[in-house]
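Asks: Sharing a structure below in structure tokens format, with a few things to ask.
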Amino acid sequence: MRSRSNSGVRLDGYARLVQQTILCHQNPVTGLLPASYDQKDAWVRDNVYSILAVWGLGLAYRKNADRDEDKAKAYELEQSVVKLMRGLLHCMIRQVDKVESFKYSQSTKDSLHAKYNTKTCATVVGDDQWGHLQLDATSVYLLFLAQMTASGLHIIHSLDEVNFIQNLVFYIEAAYKTADFGIWERGDKTNQGISELNASSVGMAKAALEALDELDLFGVKGGPQSVIHVLADEVQHCQSILNSLLPRASTSKEVDASLLSVVSFPAFAVEDSQLVELTKQEIITKLQGRYGCCRFLRDGYKTPKEDPNRLYYEPAELKLFENIECEWPLFWTYFILDGVFSGNAEQVQEYKEALEAVLIKGKNGVPLLPELYSVPPDRVDEEYQNPHTVDRVPMGKLPHMWGQSLYILGSLMAEGFLAPGEIDPLNRRFSTVPKPDVVVQVSILAETEEIKTILKDKGIYVETIAEVYPIRVQPARILSHIYSSLGCNNRMKLSGRPYRHMGVLGTSKLYDIRKTIFTFTPQFIDQQQFYLALDNKMIVEMLRTDLSYLCSRWRMTGQPTITFPISHSMLDEDGTSLNSSILAALRKMQDGYFGGARVQTGKLSEFLTTSCCTHLSFMDPGPEGKLYSEDYDDNYDYLESGNWMNDYDSTSHARCGDEVARYLDHLLAHTAPHPKLAPTSQKGGLDRFQAAVQTTCDLMSLVTKAKELHVQNVHMYLPTKLFQASRPSFNLLDSPHPRQENQVPSVRVEIHLPRDQSGEVDFKALVLQLKETSSLQEQADILYMLYTMKGPDWNTELYNERSATVRELLTELYGKVGEIRHWGLIRYISGILRKKVEALDEACTDLLSHQKHLTVGLPPEPREKTISAPLPYEALTQLIDEASEGDMSISILTQEIMVYLAMYMRTQPGLFAEMFRLRIGLIIQVMATELAHSLRCSAEEATEGLMNLSPSAMKNLLHHILSGKEFGVERSVRPTDSNVSPAISIHEIGAVGATKTERTGIMQLKSEIKQVEFRRLSISAESQSPGTSMTPSSGSFPSAYDQQSSKDSRQGQWQRRRRLDGALNRVPVGFYQKVWKVLQKCHGLSVEGFVLPSSTTREMTPGEIKFSVHVESVLNRVPQPEYRQLLVEAILVLTMLADIEIHSIGSIIAVEKIVHIANDLFLQEQKTLGADDTMLAKDPASGICTLLYDSAPSGRFGTMTYLSKAAATYVQEFLPHSICAMQ
């Protein structure tokens, strides 16, 4: 008989430990583990972590088996793991209706429960009686389901369960924008049931999504139908938000020890090694004690000062928990595992020794890990005075199974029984390893042979869309529809993935669908519902952004491939040459670099072997040959009747998968290019006619299916020109001189409404006026009046032969102004028609997810409305309309700016540093004011000029303002594109002699306002007559420069800088932490009557985002941005006084009073130097001298000089005598 090896003996010891501390509690029926002897409920998160030691021990036995009994032991342990994981699966699958609802609502009431009955798998508390929404719990289950399946365990048994897991993927993929209650189930640390965005949830969701992608849940016994699919763009959304949050944990927690599970085992969710180390150091520095780590600062759980009879805390009560937070040995187990995975033996040894010292010996000397260590009630004051000196006592669960399991797992790995690769078979531990450089492959395709010839003349050789066959080219919208059928299961009433826009990572792959290769064009080319895609420069900008994004975020096997089609809209007016912006972009891509990205252009067929290709197995046909039963009626009567137009109800989400399947079937069956060789025989007579009818039916049906899936430019994707939808024309008169029309944009338009004998508006006469006018602006204004007075569906009877509703006429007019790129009218009509801004709600969510609150409309409240949580599209647009006070153009411009802000947030998040609230109304006002200041024009003219900027010019102007650089605006004297307005050149100060490269992009903005001076149309010098109606195009932003005379270019520089910083809410680095210190030495800060009380420091810590937002809410009561910035400077001076070793600097400090004292000191000194009243004119709104606004912060006459004197004067009774003497 073979003797037992030493390793076998050690494993037997661990097996006894696991049995005595974990498995003895496992329910024999459900496999679930109760939280403790007292708490019989089974928490999802605790169960998953608690079973890891069992899983690890099973792997160790499998690896180190000395005899058959060891193999049997390994199997027994592994089946205990499977039993628990399936028990949790049964708990969740019983709530399948909640999974379905949550995909669309993201509501806390629709979330899966966090805990279940250990014996029955049933729920134990109501939906609203617990903080159930804990995305990290669902995510950690999915993560280890993937890891365990990859290690060889067979947990999922049926395709129904596969579909349920696929829907759990949809459940967690929106974690980056979903506020939940977090790993500690409390949400906001005030414990008042307020959900918030948690880094621990976002990070764990990212890890789970990456682990499950392309994983076969049946393991080696699986097939195409058991594979899980994850969209890469959702993963990258999570990564972006996670990076913006860390090292913070949430809005209310500046650091949290739970982040160890995100930056290290098990998630390994962060790719930036420096951010990983920074986060770990923050935890060690701020949370580590003698017995473990606190969960987060001011955590009251089980402290002597916590009232066990109250569920929630009072906000000011949190200060009582400072320095006496309970310490959890659990987190030292994470440090041990982190040391093992990183190969840091010294760290492993250090924390093992520390952990051994806090373990409690149970019966027979079994080491038990307590839940936490607390300060004894009678020694609280002593701990307050000298933190980390009082000996603490163990409290809570014993053992804490979560911690006990990780302790055993860490010991197994530290002793070499398990290698990192065995517990991490999906290799997540390599997340911080540098990735190879990405080369973006770009395939340029021509829509037609004519465009191909034009490109060839320019030295650019491409294929047409028809020539790339058998590869199919489709718009991104189709891919979104295809994915909407993923995870569908009628028996479980699961609808699949909610329809969402497809990101650039998704469209940069090739797809194998039914043994055919598909490529999808980028989403921004498919944005025909909104006007951004009408601007070729904007298309180039979005392409540049996507290429840069791909280079930094691509993590898949193979290279990304972008299919970039060139359509007729990308040609010049005459259609004989390519737009200069598009041509320049194509040449740069051919050179190998564009937008900082390495690019390789070539044929699509050449990229097949190097591209990332995904097999969409869920679209594969079933046994009958097709995924869905289909019945095409191809007879002539069917075509003649026109019923084919109503075959599919595109509004029904439930049938969306059927529609896509039918569309793809028809596409594959009927759009193959016909051979060019002459046929050997030719049908004649009736046969030939029936064949033609058959082809016509096929193509018409295919076009219809495409249109019902909202595919624009159908002819661009189908190899036929037989059927192109023609928009009905109502023959509104074109302008006889379109260029002159374009050159004279209307700033203020008056419509003289015709009246009948009773004094009512004569609508027939108004329609006749519409028919006779050739002015596009006047046509738009008349249609707006008809829209508001009669409604969009009113039939104007413009022509007797057919209906001509107001909506139809506006749509036709929108097409006309779109062709000539009249951006002011495009925005105006878009606002009237309420055209949907593509991904507006997603843009808003992206900004909010980066902890940026938004406001729309101009201050003060209630006109300025704050957006602090994601809103549905309809609610968001309604809020913007209300804040815009009915001005359609301002409303649509607000939405446009929100989209641009989200673009910059995604590519250049550094632009938004130290900005916690983006005030879009003020940003637009500053844009208009800058135009007014630099062009010496009125506010109304500047507003009209702003409205006439092309989208690309608007986006670049926004970048200048966000970047904080000094820039100038001037009219260009050079003629520009005849289509559009004169150029307004926007450049950085001092960049006159810049190189050609520097003059492009950010350094030189060429926009398209008209080539003549701004002037008004139809503005009579007389007062407005009673029959005159003003249209919303007359709206403008107030400007301080309406009557400003020309002045030296340097004059006004500092006032402009303060206005920009104030509008953007930009503050100095560390400003909020300094305000926190000031509040500790006074009773509060008063700004325009609103008080920021010192009690906030008892609730919030200096580094909390929540505190920063609280300070912002007080400062934002000030409507004038430059005045707000002076108040910020005054508070900065107070922070310097707060550093002095004195107990108090006053009671409630009125900050605006300090500013006015400084203003008086400034005026006195300037008068003694001979300044007259004209030079010392005051701003009527704030009473501050405009010259003080324009003073530099430093220097003898700097604002800080006067503010320092004023602050010392204001608080002098609290200051030491020596300080006062310095005045």
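Yeah, the Cβs are placed from backbone N, Cα and C, and that goes for glycine too.
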Asks: Do you know which of 531-561, 810-840, 1182-1212 Swiss-Prot annotates as region 'Calmodulin-binding'?
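Replies: Result: 810-840 is the stretch Swiss-Prot calls region 'Calmodulin-binding'.
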Asks: In Swiss-Prot, which of 185-225, 964-1004, 1046-1086, 1087-1127 is tagged region 'Calmodulin-binding'?
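Replies: When 185-225, 964-1004, 1046-1086, 1087-1127 are checked in Swiss-Prot, region 'Calmodulin-binding' belongs to 1046-1086.
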Asks: According to Swiss-Prot, which residue out of SER111, SER252, SER758 bears the annotation phosphoserine?
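Replies: Per Swiss-Prot, phosphoserine applies to SER758.
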Asks: Going by what Swiss-Prot says, which of SER735, SER1025 is noted as phosphoserine?
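Replies: Of the listed residues, Swiss-Prot records phosphoserine for SER735.
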Asks: Swiss-Prot tags one of SER250, SER729, SER868 as phosphoserine; which one?
Replies: SER729
Asks: If you count other CB atoms within 10 A of each CB, which of SER758, SER1113 wins among these modified residues?
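Replies: By the 10 Å Cβ neighbour count, SER1113 comes out on top.
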Asks: Rounded to a whole number, how many Å is the Cα of SER1113 (phosphoserine) away from the Cα of SER758 (phosphoserine)?
Replies: 53
Asks: Which residue counts does DSSP yield for the region 'Calmodulin-binding' (810-840) in the helix, strand and coil classes, in that order?
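Replies: So the counts come to 22 helix, 0 strand, 9 coil.
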Asks: Helix, strand or coil for SER1113 (phosphoserine)? Use DSSP.
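Replies: Where SER1113 (phosphoserine) sits, the three-state DSSP reduction gives helix.
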Asks: Which residue counts does DSSP yield for the region 'Calmodulin-binding' (1046-1086) in the helix, strand and coil classes, in that order?
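Replies: The composition, in the requested order, is 20 helix, 3 strand, 18 coil.
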